[in-house]
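Read the structure below first, then the notes.
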Amino acid sequence: MRILDILARLEEHYPTALACEWDNVGLLAGDGEAVCTGIQLALDVTDAAIDQAVRNGANLIVTHHPVIFRPIKVLTPLQPVYRAVQRGLAIISFHTNLDIAAGGVNDCLAAAVGVTGCAPLCADGLGRVGTPHRVCGPADYARHVRQCLGAGGVRCAPGSRTVQRVAICSGAGGDLVDAAVAAGADTLLVGEAKYNEFLYARQRDVTLIAAGHYATEVVVLPALKEVLAGTGPIFLTDEQDVEVFL
């Protein structure tokens, strides 16, 4: 099976047409006509992902975050894409299309924390909003999220209301407080948020929980493995979150 055939399989489930206009997705490096010898799944193209791909005999890395996002002006050995191509690896990155698509990152995050009956949070399909596993207070819900995701810790600006409707956006979603309010949510679960976004959430009486960019997105890798089943050897990158709670 060619690497382009792997791309086509992913495209069936997570169409690149869903990606935001500013995004960069698809086959971003390497020879699409090459026969795929194995697939290494990772959130990012890191030294660990590259080393494990080579060790596993895989010549394709599939990531969530684009290995090339902004135009490259200089290419040196310090850059992951340089090292990957030098080792004969191809790279496919599915970013916002994987966030938006059914069965993608946000649906996996919702399932991981027990949010059901989900609908898209935003008009472009980003995010989800649904019903939590049970009604509880903000602090209890934050602890529930931390346990479900295996996160080292979570940041929480609790509102005054019990958690009865939860908006979700994996990764950086702290700017979606207004979208959460419009969707009737009392709680917004994201990967990361800025101080002023926590402050604004407090003003809108929305519980804002930031559980970590990595923790809210790594949940999609098993789903990718399932989608790619039957295409050849598939490996999950053994790597820990770079953010550590001390």
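If you go along the chain as it appears here, the first residue is 1 and each next one adds 1.
Glycine is treated like the rest: Cβ placed from N, Cα and C.
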Site-mate of Asp99, His213, Glu217 for divalent metal cation 1 in TrEMBL, selected among His65, His144:
His65
With Cβ-Cβ distance below 8 Å and at least 6 positions apart along the chain, what are the contacts of His213 (divalent metal cation 1 binding site)? List them in sequence order.
Gly171, Ala172, Gly191, Glu192, Glu243
What is the separation, in Å, between the Cα atoms of His64 (divalent metal cation 2 binding site) and Asp99 (divalent metal cation 1 binding site)?
9
Taking the center of the Cβ atoms of His65, Asp99, His213, Glu217 at the recorded divalent metal cation 1 site, which other residues in this chain have a Cβ no more than 8 Å from that point?
Leu43, His64, His95, Val105, Ser170, Gly171, Gly191, Thr216
